[in-house]
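TrEMBL annotations:
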| type | residues | note |
| --- | --- | --- |
| BINDING | Lys12, Ser167, Asp168, Thr209, Gly210, Gly211, Met212, Arg213, Thr214, Lys215 | ATP binding site |
| BINDING | Ser52, Asp135, Asn147 | substrate binding site |
| DOMAIN | 275-357 | domain 'PUA' |
Amino acid sequence: MNRLNWQRAVIKVGSALIAPNGDECSARFLLALARFITISRESGKEIILVSSGSVAAGRSKVKIRHNASIAEKQAMAAIGQTQMMANWQRFFDFPCAQVLLTADDLRDRTRYVNIKNTLRELLNHNALPIVNENDTVAVNELKVGDNDNLGAYTALVAQADTLIICSDIDGLYTADPRKDPDATLISEVHNIDESIYKLAGGAGTSVGTGGMRTKIEAADKCTSSGIQTIIVNGRKGASFDAMLNGSIPGTLFHASNSPKKARRLWLTHTLKTCGRIHVDEGAKAALVDRGASLLPSGITSIEGNFNQGEAVEICFEKQVIAKGLALYNARDLMLIKGKNSQHIADVLGYETTDVVVHRDDLVLL
Ligand SMILES: Nc1ncnc2c1ncn2[C@@H]1O[C@H](COP(=O)(O)OP(=O)(O)O)[C@@H](O)[C@H]1O
Ligand SMILES: N[C@@H](CCC(=O)OP(=O)(O)O)C(=O)O
């Protein structure tokens, strides 16, 4: 029997739970989930929500007599998004924070780093980040397109260890149970291959966009990066009671590695380095002995012309001691090297963070 073990989760909630009638938000299926979020947070766990439902929530406010055009759907999203956020906020005493993203934001290195920093800061300040696609600007070419995959990207950028997809079905079945009465629930998946993808039909409900295929795609992205993925039935309060007790009520997609190990492998072997940061003895000791982040004060020189978010080698006396993602580009680092972090804004006119390489993005070699 698998036990649920997690510390930082992204919880994806589908339109079918937010707006079960296809228009207007409802508390009906969210109370049990809100309780799960509150209790989990009280026990020290971190949660980021990825919430669908803006189009469904705004549907009744945009009167149409035909199939909705893209602009009409974008208008529905603009109206529904604020309702969806307000609907969430009424369950919690802590602040809900709206984060609207497009695929373009996730592809752009600088924006990716900014998203990551913002999510980290929101969690540090005890807020509940609620992510959705920025539907009013995301035309087809710029779209992630469905919130299951957006949930996976969010889990990756937030370095979560778990993605929980709350749907209107108990988990992954051997076939779409709405069409095949003999379909049975699959409680765990160790390896996502073509045979798993073949089990999924198309989009399930009229308000949802993804169906089971996009949930498998999301699980595929996450598990290969060390993030376990669970599909549960968010319509059943019992699903959340079970998870609070450490059980897994739906389908568990096992992670191929621990997130730390997967990230270490990715940082060490997959990422191409674009430059070098040379550090002094104090910075080396901080990194190696204390597992600290790299501050500008310990930097002695810069090599190469790397951008923010690119991988660099960190060297002490010409030896590579670590590899990590730079939070400032080479040009700006030349200006702040050797300086105390509190002077970054004075020198550059802006400050993204007070560290140059965060310890989460750093691997010792
Ligand atoms: N093999 C399968 N197992 C479970 N559900 C499936 C399967 N294939 C297709 N589906 C459909 O996927 C639906 C869930 O997707 P969707 O309606 O997009 O939900 P959500 O709004 O939660 O994202 C189910 O209701 C079901 O009809
Ligand atoms: N951004 C869209 C999400 C659409 C979507 O993926 O819906 P779902 O399949 O219910 O998760 C919205 O808020 O309506």
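Every residue, even glycine, has its Cβ placed from backbone N, Cα and C.
Annotation for the binding-site residues Ser52, Thr214: lowest Cβ count within 10 Å of the residue's own Cβ, Thr214. Nothing from the binding-site residues Asp168, Met212, Thr214 places its Cα within 10 Å of the Cα belonging to Ser52 (substrate binding site). Checking the binding-site residues Lys12, Asp135, Asp168, Met212, Thr214 against ligand 2 with a 6 Å cutoff on the Cβ atom leaves Asp135, in sequence order. DSSP assigns Asn147 (substrate binding site) to a helix in the three-state reduction. Residue with the densest Cβ environment among the binding-site residues Asp135, Asp168: Asp135, by other Cβ atoms within 10 Å. Listed binding-site residues: Lys12, Asp135, Asn147. Those with a CB atom under 6 Å from ligand 1: none. Annotated pair Asn147 (substrate binding site) and Met212 (ATP binding site), C-alpha to C-alpha distance, rounded: 12 Å. Of the recorded residues, Lys12 (ATP binding site) and Asp135 (substrate binding site) place their C-alpha atoms 17 Å from one another.
Counted with DSSP, the domain 'PUA' (275-357) comes out as 28 helix, 25 strand, 30 coil.
Annotation note: Met212 (ATP binding site) sits in a helical segment as assigned by DSSP. On the 0 to 100 pLDDT scale, the model's mean across the domain 'PUA' (275-357) is 95.
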